[in-house]
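J.: Copying in the features that TrEMBL gives for the protein in this structure:
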TRANSMEM  B:20-39  transmembrane segment
TRANSMEM  B:60-81  transmembrane segment
TRANSMEM  B:101-121  transmembrane segment
TRANSMEM  B:133-163  transmembrane segment
TRANSMEM  B:175-196  transmembrane segment
TRANSMEM  B:208-227  transmembrane segment
TRANSMEM  B:271-290  transmembrane segment
TRANSMEM  B:358-382  transmembrane segment
TRANSMEM  B:394-410  transmembrane segment
Amino acid sequence: MSGQTILSVDRLTMRFGGIVAVQDLSFAAERKKITALIGPNGAGKTTVFNCITGFYKPSGGAIRLTPDDGRQIALERLNDFRIAKQAKVARTFQNIRLFPGMTALENLMVAQHNALMRASGFTILGLIGVPTYRDAEKQAIALATDWLKRINLLDRADDAAGNLAYGDQRRLEIARAMCTGPALLCLDEPAAGLNARESAALSELLLSIRDELGTSILLIEHDMSVVMEISDHIVVMDHGVKIAQGTPQHVRDDPKVIAAYLGTDEEEAAAVMESGS
Amino acid sequence: MTATPHETTSASRTAGIPFLLKTACINALIALVLFSLMVGIRTEAGSDGQLTYWTRFGDLASLVAAVFGGSIVIELLRQWIGPTGAEKLVPPAVQRGASFVGRYLAPALLIFTLLVPVIFYNQRYILDLAILVLTYVMLGWGLNVVVGLAGLLDLGYVAFYAVGAYSYGLLATNFGWSFWICLPLAGILAAFWGVLLGFPVLRLRGDYLAIVTLAFGEIIRLVIINWQDLTGGPNGVSGIPRPSFFGIPLDNSDDGLAAKLGIEYSPTHRIVFLFYLILALALLTNWVTIRLRRLPIGRAWEALREDEVACRALGINTTTTKLTAFATGAMFGGFAGAFFATRQGFISPESFTFQESALVLAIVVLGGMGSQLGVALAALAMIGGFELFRSLETYRMLVFGMAMVLIMIWRPRGIIGHRAPTVYLTKAQAISSDLVKEGHG
C-alpha cells in the first residue's frame with residue numbers, strides 16, 4: 001500500500017485560536033491518480049491545502065509525502081518554500097497568483113528558479129556568462145515553450161500574464177506549477193470562474209498531466225462536472241472532518257454527502273449531483 | 001451596463017453652468033480658507049517686540065477671484081478637450097518622433113557623456129556638475145535594485161553610501177591603503193551592512209519596512225557622529241588621499257602622470273580622471289544590474305515584487321532573495337561612497353543625512369522603478385535641473401516642487417514606467433506600467 005500512496009495525511013488538526021478548522025482528518029492520495037477534496041464552503045479544504053503546502057503549520061497530526069524514489073518526507077516539519085523546493089509539492093491558488101507584470105514565458109522561467117540558480121552557480125557563473133548556464137537557460141526556455149504549447153498559449157508567450165484572459169491565466173498558473181517539476185500537484189479550485197468549454201479543456205489538461213507525465217494531483221473543486229469526470233478518488237469534508245470517501249460513483253450515492261454537502265433539501269441536492277454526472 | 005462609464009463621461013461633458021459654478025465655488029472656498037491667514041493677515045514683530053498686524057483683504061479677494069475664474073476656465077477647457085491623456089494631448093507625429101528618439105536615446109546619451117570632458121574641458125563648473133550627476137545616477141541605479149526590482153522600499157540607502165565613504169576614508173588615512181584596494185573593500189563592507197540590515201527587516205513589509213530602514217539610516221549617522229575615537233565625530237575625516245592613476249599620482253610632482261606623459265600639468269586632469277572613474281563605476285553598476293535581471297536571481301527579485309506568496313509556492317527562498325537584493329544595492333552604494341570620499345577628500349556625517357536618501361529615492365521613483373534609462377534621466381533632471389533653477393534663488397524649491405508634481409501627474413509611474421521583459425520567444429514587447437506591481441516591501 002505504501003508504494004501506492006504518495007501523500008498520507010494522518011489525524012491532521014488545525015486550530016486558529018479557539019476555532020477548529022480541521023479536526024483529526026486522515027486520508028491518502030494515490031500515486032499517479034487524481035484525488036479530489038470536496039465539501040461545502042468553510043469545510044476546511046483550503047486549510048488542509050495550506051497545511052500540506054506549508055503555508056500553515058498544523059496544530060497536530062502528520063503529513064507524509066512518499067515521492068517516487070521511496071523517501072518519506074514529513075511535510076509538517078518543513079516550512080515555507082522548502083516544501084516546494086525539497087518535497088516538490090507545487091500548488092495553485094484559489095484567487096490566481098501569477099506575476100501579472102511579467103510575461104507568460106517569464107512566469108514559467110521563475111518557476112524553474114531553483115534549477116537555474118544551481119546552473120548559474122548561484123549567479124556568479126551566470127554573471128560571467130559560462131556556457132553551461134546558457135545551455136541550462138535554453139533548456140528552461142524549451143520546457144516553458146513546451147508547456148505553453150500544452151496549454152495553447154504559445155502565441156501569447158511574450159504577453160504580460162496580467163493581460164491574459166481569465167481562463168488562460170488559470171491554465172498558465174497550472175503550467176507554472178508544473179514547471180517546478182512537482183511530485184504532487186495541488187490545485188485549489190482550478191475550474192472556478194471557467195465556462196463549460198474551458199472546464200472541459202481543463203479536465204483534458206489535468207488528465208494529460210496524470211496520464212502522460214504521471215504526476216499525482218490533489219485538487220479542491222466546486223465544479224462537480226470536473227470532479228466527477230476526472231477524479232479517481234474523492235474525499236468529502238464538512239466542518240473540518242471527513243464525512244465520506246471513495247470513488248465518484250460511491251460518493252455521489254452517499255446520503256450523508258448529499259445531506260451535508262448540499263444542505264438538507266435532498267431533492268435539490270439530488271438535482272445538483274445529477275448535473276455532475 | 002457596459003455603457004455606464006461612457007454615459008457618465010458624456011454627462012460630465014455636457015454639465016451646465018450650475019456644475020461649473022459649484023466647482024468654482026468649492027475651489028474658491030478652499031482658496032479662501034488657505035489664504036485667509038497666509039495672505040489675508042500680515043503679522044510682524046514691532047520695534048518693541050510687540051505683535052503688529054494689518055489686514056490685506058484686497059490681495060486675498062483678488063487671489064480667491066483668480067482661483068474662481070481659473071477653475072471655470074480649466075473646467076471649460078477640460079470639457080472642450082475631453083478626457084486628458086498623453087495619447088490625446090500629444091499629436092501622433094510627435095509620438096512617433098518620441099518613440100524614435102526613445103530608441104536611440106540611451107546610446108546617444110552614453111556617447112555624449114563620454115565626450116563631456118572633451119567638450120567642456122575648460123568649464124570646471126560643468127565637469128563638477130557632471131561628476132555630481134553621475135554619482136547620483138550610480139546611487140539611483142544601486143537603489144533601483146532594491147526598490148525598483150525587488151520592490152523593497154528602502155528609506156535609509158544613504159547609510160550604505162556612508163559606510164562606503166567611511167570605509168575608504170578610514171582605511172586610507174589610518175593604514176595608507178590605496179583607493180583601488182579600498183574600493184572593493186568598501187563595497188563588501190557596505191554589502192555586509194546591507195545583509196545585517198536585511199535580517200531584522202525581512203518579516204516587515206511596506207510602511208513598516210520603510211520606517212525601519214529610515215531608522216537604520218539615522219542609526220548609522222548617529223554612530224558616526226558619536227564614535228569620536230574612530231570617525232572623528234562631527235569633525236569628520238579629512239586628508240583622504242586622492243585617487244591615483246593605478247599607482248601614478250595625478251599631481252604636479254616629477255613622478256606625476258603629467259610629467260610621465262610629458263605634458264603640462266593641469267588640475268583639470270584630476271577632474272577628468274574622476275569623471276571617467278565615476279562613469280566607469282556607474283556603467284559597471286548598470287552592466288551588472290542588466291545582467292542580473294536576466295539571471296534567475298533578478299527574475300526572482302521581480303517575481304518577489306509581483307507576488308511574494310506565489311514565490312514561496314514555487315520554492316523560491318524569499319529570505320535569501322531579499323538579502324541578496326539588499327546586499328547588491330548596498331554594495332553599489334558602498335562603491336559610490338568610496339568615490340565620494342576620494343573626490344571630496346573630506347567626509348563628515350553632514351553629507352549623509354536623510355535628505356540624501358530621500359533624493360536618491362525620488363530619483364528612482366521619478367525615473368520609473370526598475371528602468372535604468374529612466375533613473376539616469378531622472379538623476380540628470382533632479383540634480384541638473386536643481387542647478388538650472390539656481391538663478392531663481394528663493395523660488396527654486398517652489399519651481400522644482402511644482403515640476404515634480406506635474407511630472408507625477410502626467411507620468412504617475414515615472415519617466416519610463418513600462419517594463420522590458422527579461423526573456424522572450426519571438427518579440428520583446430514592453431509591459432504596460434499599470435500591470436507591473438510596485439511591491440509591498
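Using the three backbone atoms N, Cα and C, a Cβ is placed for every residue, glycine included.
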J.: Is the count of Cβ pairs under 8 Å between the transmembrane segment (B:101-121) and the transmembrane segment (B:175-196), pairs 6 or more apart in sequence, 3 or more?
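T.: No, these stretches are not in contact.
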J.: May I ask for the residues of the chain that lie six or more residues beyond the transmembrane segment (B:175-196) and have a Cβ under 8 Å from a Cβ within it?
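T.: Answer is 159-161, 163-165, 167-168, 220, 241, 243-244, 246-247, 323, 326-335, 337-339, 342.
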J.: Mind checking which residues reach the transmembrane segment (B:358-382)? Cβ under 8 Å, same chain, six or more beyond either end.
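T.: Distal contacts: 105-106, 109, 133, 136-137, 139-141, 143-144, 147-149, 151, 154-155, 157-158, 286, 289-290, 302, 404, 407-408, 411, 413-419, 433, 436, 438.
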